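According to TrEMBL, the protein has these features:
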{"type": "BINDING", "residues": "GLY28, ALA29, ASN30, GLY31, SER32, GLY33, LYS34, THR35", "note": "ATP binding site"}
{"type": "DOMAIN", "residues": "1-380", "note": "domain 'RecF/RecN/SMC N-terminal'"}
Amino acid sequence: MIERLQISYLRNLTPINLAPAACNVIIGANGSGKTSLLEGMFLLSRGKSFRHNQPKRYIQHHKDAATVHAKLSDGRTLAIQKQADATTILRLNQTTVYNQSILTEQLPTLLIDPSTMDMLEQGSASRRQLLDWLVFHMKQGFHPQWIAYQRLLKQRNSLLKQRRHLTHVQLAELRAWDKGLASHAALIHHYREAIFEAWQPYFSESIAQLLPAYAEQLSLSYNAGYDTSVALDIQLNERLDQDLQLGYTRIGNHRADIHVHWRSIRPIHKANEHLNSPLAAAADSTFKLPILKEQAANILSRGEKKLLITALRLSQLPLLLNTGNDLEASVNDAKLSATPVVLLDDITAELDDRAIEILLSTLAQLPCQVFMTSLTDSILPLVYEYWEKPQVFHMKQGSILPAQ
Ligand SMILES: Nc1ncnc2c1ncn2[C@@H]1O[C@H](COP(=O)(O)OP(=O)(O)OP(=O)(O)O)[C@@H](O)[C@H]1O
């Protein structure tokens, strides 16, 4: 759990120095800096902002760098400094580290915010990241494989981009990379598939709570990004000409995706209603209605999609925290080294009262730390219902106002 949080020169924030509790509510007007505070914690955990890629966009105007520092309750300290030229300095326990994943491991953050609410309609990247967040924290071997895969893929794509025709030497090099890609791909798929399987029942449980009317109708599927019954290098070889035309690699783990499907339910008929009367059954046009299947994004209303995305994210936490049965525990081979931090940005504007109550009551039962932003204090009665000693911070023009 974050015991102390310090943020300097991030957007409009005046240097922040907070001692957060298990549940924290940040209240303030539009533009007061609430989201920037969440952005700071996300930056520390992931090495990037959830709003802009370029550091110069979020580093305070006329400053050279933004810094976020956190002290965890077990004494560990984490720090990140982002400079305008995108140089990043990372520290764990005052020692410089060179790999963001080291900090990510120490501070898992789960974000539920308005920008992620379009995830079903966007390209596959955000849905793939959703799965990979779980896989990263639950499967120790995943990250090194993913890094090695990405490195080879980058080399391959830059060769494809330069050339329409390859020399013999380049072809031999490409084949060697493809072999490497194939072996990383098989493992990455293996990790993702195992975590996906373990995640599904949690997703169904969250849907039953947040979208009960669709409990029987929504399901998830995982697409590996290539045909996993054939080694990836064989498939890459078969489609080399197409990839050369395109200038990039079209299949592989980097194209994996998560889909949410909707299917209709057959109308339920009263017992024996049609058995004695085949003519009546034939006359009833609903009797033989086929089961319809669709992408959930094409069926659900905007509000329902938000609930679905909330269910996707929320269902990850109990799995990650191993609050389920031993079967799920056996899937998790990476011991979680820190309390997950849940960042809820402006949920009152996104979700209805019932959904907010389900979200908060679920989070209050889990060993996680919560930071939520709100324009008004209308959320406080609910927060006090579920947490014993929440911290309430009021923000104005980038500063936390002193407690009254
Ligand atoms: N690089 C920057 N330097 C200084 N100020 C910035 C920078 N980038 C953005 N700002 C300002 O910082 C403020 C940050 O707003 P932020 O999104 O954190 O507020 P918020 O309280 O979450 O608002 P809302 O409720 O409208 O979402 C905005 O007023 C914005 O103009």
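For all residues, glycine too, the Cβ spot is worked out from N, Cα and C.
Computed from a predicted structure; not experimentally measured.
The record gives GLY28, ALA29, ASN30, GLY31, SER32, GLY33, LYS34, THR35 for ATP. Within 8 Å of the mean position of their Cβ atoms, the other Cβ atoms in that chain belong to SER36, THR373, LEU375, MET395. Note: GLY28 (ATP binding site) has non-local neighbours LYS34, THR373, LEU375, HIS394, MET395, LYS396, i.e. same-chain residues 6+ apart with C-beta under 8 A of its own C-beta. In this structure, the binding-site residues that sit close to ligand 1, with a C-beta under 6 angstroms from any of its atoms, are GLY31, SER32, GLY33, LYS34, THR35, chosen from ALA29, GLY31, SER32, GLY33, LYS34, THR35. Take the binding-site residues ASN30, SER32, THR35: by the count of other Cβ atoms within 10 Å of each Cβ, the lowest one is ASN30. Remark: GLY33 (ATP binding site) has ARG11, ASN12, LEU13, MET395, GLN397, GLY398, SER399 as non-local neighbours, by Cβ distance under 8 Å and separation of at least 6 in sequence. The C-beta environment of GLY31 (ATP binding site), restricted to residues of the same chain at least 6 apart in sequence and closer than 8 Å, consists of ASN12.
Residue density at ALA29 (ATP binding site): 13 other Cβ atoms are found within 10 A of its Cβ, drawing on all protein chains shown.
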